[in-house]
């Protein structure tokens with residue numbers, strides 16, 4: 001016997017969260033809980049404003065229609081990426097095919113003061129990997145901050161993300177302030193420039209490796225080995241079903257590229273599932289999941305060690 005519930009939720013964000021020049025005051029999304037017999041599976045559907053093509057209102061309509069079809073015996077996945085991902089996670093939990101083992105080691109995220117990151121990294125055991133958002137301020141300042149971090153922590157490897165913010169000139173201004181002796185410790189810089197060709201040129205001219213992120217979701221993207229390209233960053237909420245995520249990881253690994261499972265600012269429930277997906281598909285790579293502290297609460301499932309208060313399922317708005 002099948003049954004299902006759908007919940008709508010909204011989490012207040014910290015004041016300083018800006019996405020694509022828009023301040024994100026709340027994180028809005030949906031949960032689906034599928035039950036069959038004694039088993040149940042959960043999934044999160046939370047399109048990311050400014051990045052997802054769909055809104056959460058679009059996703060809600062598609063999800064409710066899919067759930068009604070599933071209750072009637074139809075299992076075909078929806079095409080909308082955020083719904084396909086959340087539904088496929090719920091189905092995988094239901095079928096017990098999503099392993100429980102999780103990689104909760106997140107690369108800490110630096111959004112502002114580099115001193116905060118230095119203190120956080122001092123207590124980090126093992127491999128020291130951190131992520132820094134660049135492109136929000138002047139490129140020269142970004143270069144100086146990155147250089148400072150690499151100089152202060154000799155065993156640090158940085159992942160940088162520019163979200164296509166730079167012109168070729170700004171990319172050169174950034175690189176000018178990063179000591180060439182430190183550049184090999186930049187694990188990769190995600191999408192430095194507005195076009196892929198400009199990003200490729202940046203990698204050639206600066207000897208700083210790059211990674212594809214937004215490019216993966218463009219219709220003309222193909223997985224090929226390219227000089228200067230070291231990694232792909234896979235955001236499942238923006239990608240689609242678990243199977244599609246798995247295919248992209250497999251394609252990247254076949255080319256010798258690092259595949260990083262990365263957050264789209266999901267709630268704690270979604271983040272714990274991403275940690276499980278990372279342990280399963282990319283066991284040797286620290287995922288990019290350090291986004292929970294941007295929110296003011298956890299929901300339904302806790303992220304280990306987080307002091308944020310937990311909102312129980314009973315407090316959520318039930319739609320079905």
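Any Cβ shown, glycine's included, is placed from N, Cα and C.
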Same-site Mg(2+) binder from 127, 190, 243, 247, given that Swiss-Prot records 161, 213: 190
Cβ packing number for residue 190 (Mg(2+) binding site), 10 Å threshold: 27
Candidate with sparsest Cβ neighbourhood (10 Å radius) among 133, 235, the listed active-site residues: 133
Recorded positions clustered about residue 235 (active site, proton acceptor) [Cα within 10 Å; pool: 133, 161, 190, 213]: 213
All-chain count of other Cβ atoms within 10 Å of residue 161 (Mg(2+) binding site): 22
Chain-internal residues, separated by at least six, CB under 8 A from residue 213 (Mg(2+) binding site): 161, 163, 190, 191, 232, 233, 235, 262
